[in-house]
Amino acid sequence: MLNNKKLGGIKTMPFILANEICDRFASSGFHSNMITYLTQELNMPLVQASNTLTNFGGTASFTPLIGALIADSFAGRFWAITVGSIIYEPGLVSITLSAVLPSLRPPPCPTQQNCQEASTFQLWILYISLLLTSLGTGGIRPCVVTFAADQFGSDKVITGRSKKWNFFNWYYFSMVLATLTALTVVVYVQENVGWGWGLGIPTIAMIVSIIAFVMGSPLYKKIEPGGSPLIRLAQVIVAAFKKRKETAPENPKLLYQNKELDAAISLHGRLVHTDQYKWLDKAAVVTESESVSSNPPNLWRLVTVHRVEELKTIIRMLPIWAAGILLVTSSSHLHSFVIQQARTMDRHLSKSFEIPPASLSIFGILTTLSGLVLYERLFVPLARRFTGQPSGVTCLQRMGIGFVINIVATIVSSFIEIKRKSVAAHHNLLDDPKAIVPISVFWLVPQFCLHGIAEVFMSVGHLEFLYDQSPESMRSTAAALYWTAISMGNYIGTLLVSLVHKYTGENSNWLPDRNLNRGKLEYYYWLVSGIQVLNLIYYIICAYLYTYKPIEEVKEEEEDGEFNGKKISEKGVELARNETA
């Protein structure tokens, strides 16, 4: 049996990445073209279909919070990933059966007029499938990236020289590559071979991902869960409330500390005291009636400084995290709407080959792939000359750049829709929902490329921020916050689309059910662009006020019974680590 020192490392990456690549391939192949399956195969109206996918997308982005809490509390990340993958598989099987068996679908409706919609039973098959995949996602999403990072210790990844910011770039690169493969192979099969094989391939890929991940089990470094993070946070709040009348000492060294008690939740260093939210410090005040000789003390009355700082860290992170919610709200339905736009445009690459509408996303994926490489090789070295940051820019600056690019992308989308409708009007095609407007589908490419560039900055930066700034014992939970923001954004996006659809009238509806040519989709794009501008202003204020977490790193040798660590300043996290090394 391998000892702890031989566990983890680069040898585990083939198994972990094989699992995540197959999982991302399966989920992308399943979800990327689902709007077409719902509108063309199940005959659902556009807004209902888009809301259905967005609602279940929101659920799939909320369940990671539950999965992360289970992983951090008692199950561990390995078992959370394994069980989540097993739950995901029946969802794929059920939706594949609905595509294969004609009795589970309504009659075809090629004209898209007076269509017989799916029955209640047929819809329930769909809903059960989406629910199972949403539940399975809860165990996979928050744990895979943190589980992979755990294999390399506190600050070394893959090569032993690169820092975590480098790891997240390349991890995201491999995930995007899997998505690209799904968008080219699976979507082509769905459009040209059939939905049975088109959904069957992701189902098979998911089985492969489970096998690959379990096979690597003997090699993994499995960090023991440190107990429920929510309970620890609740203990701090309760203890601070009970001692609200106590006076905290001016010298923070007089507050309660216990290295043994915190050992399991501070493997790579304890959080040191900060002056923010000082009223929480009362939870660590030792009163005359309390005995600290007992180990542990009553944690609902007395907690350590490290645990108080865990709560402070989470509180500081929340405003930055919340900025991602309205960004998701603005983009939650864009994919569905763009696919419907593409279906009305000339998609010929040659006389005999048409690019499937959902495959247009490959342009965004290719931009992201190339962008991640250029970010590492060009942007970071150039930015480092000006900022002095080892990573070029901070994760907060990286996110801000992504916010700006995303606003530009949405504005470009509105102008492209105006162009598409003007061509349709010129050829008297506005009243024909099935007409192919004589305008190339490649007019949609610029917005995909801009969204791809925004992903390089925003998504990777957001994930990096949540992992790096969260307490180490809560990293799965922090990663789940990323998906929780997506969940809340999707739900708000559904509400926004429903309100727009309801209150913009029947004759000039911005988002019509069947005939997009008579809609005003560009107005919707302008609306969400305005929302993003307000969100950007909010984010800039939060980023300006944010304080990076200070941590006392652990060295192998300790002096005088105290940790021989270095306090990391707001702007010198990586510099302090380099000095220690």
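Glycine is no exception: its Cβ is also placed from the backbone N, Cα and C atoms.
Note that TrEMBL annotation is computational and uncurated.
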Looking at 70-87, 358-375, which one is transmembrane segment according to TrEMBL?
-> 358-375
Would you mind listing the long-range same-chain contacts of the transmembrane segment (479-503), meaning Cβ under 8 Å and 6+ residues beyond its ends?
-> 47, 50-51, 54-55, 57-62, 64-65, 67-69, 141-143, 145-146, 317, 321-322, 324-333, 462-463, 466-467, 509-511, 524, 527-528
What else in the chain is close to the transmembrane segment (195-215), if you only count residues 6 or more beyond its ends and a Cβ gap under 8 Å?
-> 15-16, 18-23, 25-27, 29-30, 33, 37, 41, 81-82, 85-86, 88-89, 92-93, 95-96, 99-100, 182, 185-187, 189
For the transmembrane segment (396-416), could you work out the same-chain residues 6 or more beyond its ends whose Cβ comes under 8 Å from its Cβ atoms?
-> 320, 323, 327, 330-331, 334, 338, 443-444, 446-447, 450-451, 453-462, 464-465, 521-522, 525-526, 528-529, 532-533, 535-536, 539-540, 543, 546
